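K.L.:
Can you read through this structure? Questions will come right after.
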Amino acid sequence: MRTEELQQEIREYAKEIGIDKIGFAAADVFSELKERLRRQQELEYQSGFEKGSIEERTEPQRLLPEAQSIISIAIAYPSRMKNAPKSRKGERRGLFARASWGLDYHDVLRERLEKLSAFIQEKVPDAVNKVMVDTGELSDRAVAERAGIGFSGKNTSIITPEFGSFVYLGEMITNIPFVPDSPVEDSCGDCRKCMDACPTGAIVEGGQLNAQNCIAFLTQTKGFLEDEYRFKLGNRVYGCDTCQQVCPKNKGIDFHIHPEFEPDPEVSKPKLIPMLRISNREFKEKFGPLSGSWRGKKPIQRNALIALGHYKDETAVPEMIEVMKNDPRPVIRGTAAWSLGKIGTEEAFAAIREAMELEKDDQVLFEMEKGLEFETLTITN
Ligand code: B12
Ligand code: SF4
Ligand code: SF4
């Protein structure tokens, strides 16, 4: 069978199995990306979640020696939640970013790529394929850009003409020399809405992110969050969508093609108070299927405490006092103390003072002192 014919069959099959966009790229070295990664490393702008060495991340032959081309896929996810519950006084809610709505996309994309690989294998028995979604060494975005899936926006996301940037990406390196697709032209133009809207100024310049300042990264860290970021977190318990929400290319974009990615509002916009003392088993049952639970429950609970502080939710005070006094994890006790101070009721301040007498951990004691500092701020205001 001729490569072009096979390519056409692959495109049709991809559509059948729920792949929204597919593109083909050469497996050449990603030279521009290599330079960029070196620069990002020097500047300490990387998140630390990236896998592999710079060579492995930019030289497909290191991952599959017989690599000839790369097939890139994109699958659209919703941007609006149907029947989203209101975050009301006394019943405040957190928010998981859209990329964590529904089932974990890693499983969904991997399953579709495996199917595609089996299809190719049937047609070309000596085909060698290697499938990757997010956790592989390659930059899914650089591959997608080269394969004509979309262009790389100033917010660093791949923006497709059809589905905006609310798409997951994955790829398959293969030894078949497919005919490459043409890239999509960059159409950000003079727009810089994403850069202006970013709460932490993490988009240093168009297409360059300092991941260390990006809220999407910060929500996934496990230690104490620096104070300046606590004031920027809002109700985000996982991830951040701001630079995509403001993007004109996402205007009116809201695809509900795949039932797997339909959010359960009670899970993706969960009530905050019940999250504070959720058991490991309940957490696994409720949040385990989400991609956003990969770092476990601690970062999400820390963020939930900060979100309650952000809302100044007085009804959360008794539960937060329990957490501050009894949770075995210093990050959780300390963050509870800080957020109690931020809420600033008399009961909250009295409880911090009381807890300080028994607290042994220096970092937690420091957070308690900072929590009490809100009292002077409240009085002078
Ligand atoms: C590490 C990582 C993060 C880090 C760092 C993100 C970043 N921008 O680098 C953190 C934790 C912050 C993060 C956050 C998010 N992530 Co993330 N993340 C990754 C991961 C694992 C690696 C990315 C990486 O290597 N970055 C290093 C940078 C330097 O490279 P890059 O962005 O991949 O590639 C681009 C740039 O290098 C640029 N470039 C290259 N050379 C040059 C030269 C010049 C001059 C310029 C201007 C640019 C430029 O072009 C490349 C192609 O666009 C990928 C999965 C993967 N294996 O690729 C997912 C991935 C990028 N994340 C994804 C998503 C969905 C998100 C979030 C939207 C999740 C959320 N809602 O919270 C946010 C978006 C934040 C943002 N503005 O990027 C998707 C992106 C889908 C899309 N449409 O683009 C990916 C591809 C996962 C997936 N398989 O679907 N993520
Ligand atoms: S994800 Fe949020 S914090 Fe990160 S660059 Fe976009 S707007 Fe800024
Ligand atoms: S907000 Fe504007 S500058 Fe940013 S990615 Fe979208 S179109 Fe490009």
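Heads up, the Cβ atoms here are built off N, Cα and C, so glycines get one too.
Computed from a predicted structure; not experimentally measured.
What TrEMBL records for Asp134 is active site, proton donor. Annotated cob(II)alamin binding site per TrEMBL: Arg57, Asp134, Ser139, Asp140, Arg141, Ser152, Asn155, Ile158, Leu169, Cys240, Asp241, in sequence order. Residues annotated as [4Fe-4S] cluster 1 binding site in TrEMBL: Cys188, Cys191, Cys194, Cys247. Under the heading [4Fe-4S] cluster 2 binding site, TrEMBL lists Cys198, Cys214, Cys240, Cys243. Under the heading tRNA binding site, TrEMBL lists Gln220, Lys222, Asn280, Arg281, Arg295, Lys297, Lys298. Annotated domain '4Fe-4S ferredoxin-type' per TrEMBL: 175-208, in sequence order.
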K.L.:
For the C-alpha pair, I'd like the distance in angstrom between Cys188 ([4Fe-4S] cluster 1 binding site) and Asn155 (cob(II)alamin binding site), rounded off.
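P.N.:
Cα-Cα, rounded: 10 Å.
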K.L.:
Secondary structure at Leu169 (cob(II)alamin binding site) (DSSP, helix/strand/coil)?
P.N.:
strand
K.L.:
Tell me which residues of the chain lie with their Cβ under 8 angstroms from that of Cys240 ([4Fe-4S] cluster 2 binding site), as long as they are six or more apart in sequence?
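P.N.:
Those within reach of Cys240 ([4Fe-4S] cluster 2 binding site), by Cβ under 8 Å and sequence separation of 6 or more, are Ala97, Pro199, Cys214, Ile215, Ala216, Thr219.
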K.L.:
How big is the Cα-to-Cα gap, in Å, between Asn155 (cob(II)alamin binding site) and Cys247 ([4Fe-4S] cluster 1 binding site)?
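P.N.:
Here the two Cα atoms lie 9 Å apart.
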K.L.:
Would you pick out, from the binding-site residues Cys191, Cys198, the residue whose Cβ has the largest number of other Cβ atoms within 10 Å?
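P.N.:
Per the Cβ count, the most surrounded site is Cys198.
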K.L.:
Looking only at Cβ atoms, how many others are within 10 Å of the one on Cys188 ([4Fe-4S] cluster 1 binding site)?
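P.N.:
A count of 19.
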K.L.:
Of Asp134, Ser139, Gln220, Cys247, Arg281, Lys297, the recorded positions listed, which put a C-beta under 6 Å from ligand 2? Please answer none if none do.
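P.N.:
From Asp134, Ser139, Gln220, Cys247, Arg281, Lys297, counting a Cβ under 6 Å from ligand 2 as near, there are none.
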K.L.:
Return the members of Arg141, Asn155, Cys198, Cys214, Lys222, Cys240 (the binding-site residues) with CB less than 6 angstroms from at least one atom of ligand 3, or none.
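P.N.:
Among Arg141, Asn155, Cys198, Cys214, Lys222, Cys240, near ligand 3: Asn155.
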K.L.:
Where Asp134 (active site, proton donor) and Leu169 (cob(II)alamin binding site) are concerned, what is their Cα separation in Å, rounded?
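P.N.:
Between the alpha carbons of Asp134 (active site, proton donor) and Leu169 (cob(II)alamin binding site) there are 7 Å.
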K.L.:
For the binding-site residues listed here (Arg57, Arg141, Lys222, Lys298), tell me which residue's CB has the most neighbouring CB atoms inside 10 Å.
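P.N.:
Max Cβ neighbours within 10 Å, all protein chains included: Arg57.
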K.L.:
Express the distance between the Cα positions of Leu169 (cob(II)alamin binding site) and Cys243 ([4Fe-4S] cluster 2 binding site) as a whole number of Å.
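P.N.:
The Cα atom of Leu169 (cob(II)alamin binding site) is 18 Å away from the Cα atom of Cys243 ([4Fe-4S] cluster 2 binding site).
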K.L.:
Please state whether DSSP places the residue listed as 'active site, proton donor' in a helix, a strand or coil.
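P.N.:
Going by the DSSP assignment, the residue listed as 'active site, proton donor' belongs to neither helix nor strand, so it counts as coil.
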K.L.:
List the Cα distance (Å, whole number) between Arg57 (cob(II)alamin binding site) and Cys247 ([4Fe-4S] cluster 1 binding site).
P.N.:
28
K.L.:
Out of Cys194, Asn280, Arg295, Lys298, the binding-site residues in the record, which is closest to Asp241 (cob(II)alamin binding site) when you go by Cα distance?
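P.N.:
Checking each of Cys194, Asn280, Arg295, Lys298 against Asp241 (cob(II)alamin binding site), the shortest Cα distance is to Cys194.
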K.L.:
Where among the binding-site residues Ser139, Asn155, Gln220, Asn280 do you find the Cβ with the fewest other Cβ atoms within 10 Å?
P.N.:
Asn280
